[in-house]
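What follows is a set of notes on a single structure, which appears directly below.
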Amino acid sequence: MIRDLLLGARFAVTGGRPGWTRTLLTALGVGSGVALLLIAASVPSVLEGRDTRHQNRDLTSGESGAPRSDRSFLHAAADTLFHERPVRGLLLRPDGARAPAPPGVAAPPGPGEMVVSPALGRLLASPEGTLLKERLPYEEAGRIGDAGLVGPTELVYYAYGTGLTDATADGRGDGFGHNVGVDRPSSAFLLLLVVVACVVLLLPVLVFVATAARFGGEQRDRRLATLRLVGADIAMTRRIAAGETLAGAVLGLLTGAGLFALARRFAGRVTVWDVNAFPADVTPAPALAALVAVVVPVCAVLVTLVALRGVAIEPLGVARGATPRPRRVWWRLLLVAAGLAVLWAAGPVPLVETAVDAVPVAAGALLALTGVTTLLPWLIERVVRSLRGGPVPWQLAVRRLQLSSGTAARTVSGIVVAAAGAIALQMLFTAVQSDFMRPTNLDTARAQLSLRDRATGAGAARELAGELAAARGVTGVAAVLEASVRRPGPPRAGEDFVPSTALTVADCPSLRELARLPSCRDGDVFIARARGGDGPDDAYLAETARPGARVDLHDERAAPLLWRVPATARTVEGRTDPMGWSSFGILATPAAIDAGTLDDPALTAWVRLDPAVPEAEEHARNAAARFSPTVRVDALRDMKRDRRFTSVGRGVFAAATLTMALVAVSLLVSTVEQLRTRRRPLSVLVAFGTRRSTLAWSVLWQTAVPVALGMALAVVGGLGLGTLLLRLIGKGVSDWWAFLPVVGVATGLVLAVTLLSLPPLWRLMRPDGLRTE
């Protein structure tokens, strides 16, 4: 047995240049698949590393904050957005010399200083980051190490908070590293989507590995058939074939490990769909790496043994290159039917659930897609058998497909299964994306930015409005101070709490954004009733907001500070503000009340932008940062997408990009391998006077026919699988044309690979291809 295996291994590494070329192509094909499988096996490590570093930089403090000490520090979030990219910022002001530094930072920044992530440092040093540099007026004192970053392209900075006080800071901490647990998807649909994506994206890899194991299969089958004819029994033939395949698979494993190590070094420099990772995180889980090392050779050997049917049954026909026996279809349809039956019996998966049984879903999708793949050789054989006539290139292509349709099917099988799975995923995304998007009810016509901060003085609203109004591209600003006031005294009989209402102080133009004012001048006070029942009723509002009423400007923990609502206050109808909230309570202009007496007022502003001015939003954010680095600025959008859905979608699309890249490599390698095996026939045809353009068109048709049939099969299989998956979540098909982008990308990929294969084709047509070694 060992001798037979070693003999097969010798066949793989001997035989001159053709033998080595065949083995190297097999190693490259299998290695590409192994590299992608190892990347997939590294996903748990990547996620764990990101989660760990995210938790390690969270602030550590009690519910009421850390006590003041020489190890404590004040902190305030200073996050911002630049060209739709989030920039994470944190202001720090140490209370003592022993205050800890954030992870990845050698020492806390000093006055006027900041430490930045490498990606942020590069952005600030580039012309693209000019406006952001204006927003962060600190001197760069260092870089944040990998331990303080979730990913290599994350934009993060820590700066010294010069103006931070107990009143303006978010809180006081004494360390970093708060374990808040791992944030995982809570929707059963997202779990279902991840399961289906794993099957859809990894199955093409296994198909490609199986295809690469059969490179040079025709010559190998003829050699094995010859051995059968000279006396080797079936068992010996299988052992020799297994040894030859194992040699190529082992070389493929080593090649894949090398490609993975090379890709791992560049992991931090490549971003796919906003997904990136540190090289140290890209480490395969030991169990998964061992599984890859076992599955790949076993898969290659099994495919080879299954392909030995012709060698075992009719070796003479294989040795002569005769047309193989017709393929049977019943077991192929059985695979598809079994997969569809498993999915049908899996039962509904409501979107509101938080768990899903992944085994039947994965098994059903795997069986269905595998069945679709196995149908391709039968379909190509049945179609090309009846093709007759046509131009010379067409006849050459058809005759070649009639003699070896299996080779053509193996070449495009990977892209067929990838396209079928992608169509099913596209149908899922299209049907449910509206469930993970909700209207924000924001009035984006009245404002495009919303700002909120703590008020640091009575004139904070006026100062912020002036700063924003001077910014380029700002066409309107409304800024208000908001506080809560209550009825003086304790709760009365039958009351659980003392009635309270909102007190808003702003100039007349800003108050008009909150209520319909008949007229307004500085010194006026208004009582705004909630509009349309969205807010307190008039009876409750009258407990505090009525002409002549006294209200307490302080909460129950402080000494009362009473203020009387002027008897001349007019009652008006409140409006919905740009954020969608109904306005009610007491509206006062600055001359009517001393805003400095309000208890912990909040500063709110809304900004209108000129869409014709480029970078208007960035200029407005810079103006807000000049007023205070802790101002929170939010862009108003009509729709809001679920964060988990977006995260899963990015991960799926990133993995799909890698899979399609592998499919492109597989197509190119398979095409080159096919051309190499046909080198002598091509040279003979050229020697007999066949035009090179005729042969080029024949090669194109040999690719186009299997691809067209494969895409048709992928569309049918993908639509069927997608329909059943939508049934699992109780959805109907919303777009039957979802397959068009997938088919377009797949067809374009095949066309590009075909064009890339033309230069090798010209070289293979040279007369030296007639030489026989």
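Note that Cβ sites are derived from N, Cα and C of the backbone, with glycine treated the same way.
What TrEMBL says about a protein is an automatic prediction, not a curated fact.
Going by TrEMBL, these are the annotated features:
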TRANSMEM  24-47  transmembrane segment
REGION    51-70  region 'Disordered'
TRANSMEM  188-213  transmembrane segment
DOMAIN    197-309  domain 'ABC3 transporter permease C-terminal'
TRANSMEM  246-267  transmembrane segment
TRANSMEM  287-308  transmembrane segment
TRANSMEM  329-346  transmembrane segment
TRANSMEM  358-380  transmembrane segment
TRANSMEM  408-429  transmembrane segment
TRANSMEM  651-670  transmembrane segment
DOMAIN    654-766  domain 'ABC3 transporter permease C-terminal'
TRANSMEM  707-729  transmembrane segment
TRANSMEM  736-758  transmembrane segment
- [ ] Determine whether the transmembrane segment (358-380) and the transmembrane segment (707-729) share at least three Cβ pairs under 8 Å, counting only pairs 6 or more apart in sequence.
- [x] yes
- [ ] Please work out the helix, strand and coil residue numbers for the domain 'ABC3 transporter permease C-terminal' (197-309) from the DSSP assignment.
- [x] 90 helix, 2 strand, 21 coil
Task: DSSP residue counts for the domain 'ABC3 transporter permease C-terminal' (654-766), split into helix, strand and coil - done: 95 helix, 0 strand, 18 coil
- [ ] Rank 24-47, 246-267, 287-308, 408-429, 651-670 by Cβ pairs under 8 Å to the transmembrane segment (188-213) and hand me the top one.
- [x] 408-429
Open item on the list: Can you work out the mean pLDDT of the predicted model over the domain 'ABC3 transporter permease C-terminal' (197-309)?
Closed with: 80
Task: Selected stretch (most C-beta pairs under 8 A with the transmembrane segment (736-758)) from 246-267, 287-308, 408-429, 651-670 - done: 408-429
Open item on the list: Using Cβ distances below 8 Å and needing 3 or more such pairs, separated by at least 6 in sequence, tell me whether the transmembrane segment (408-429) contacts the transmembrane segment (287-308).
Closed with: no
Task: Top partner of the transmembrane segment (651-670) among 24-47, 246-267, 287-308 - counted as Cβ pairs under 8 Å - done: 24-47
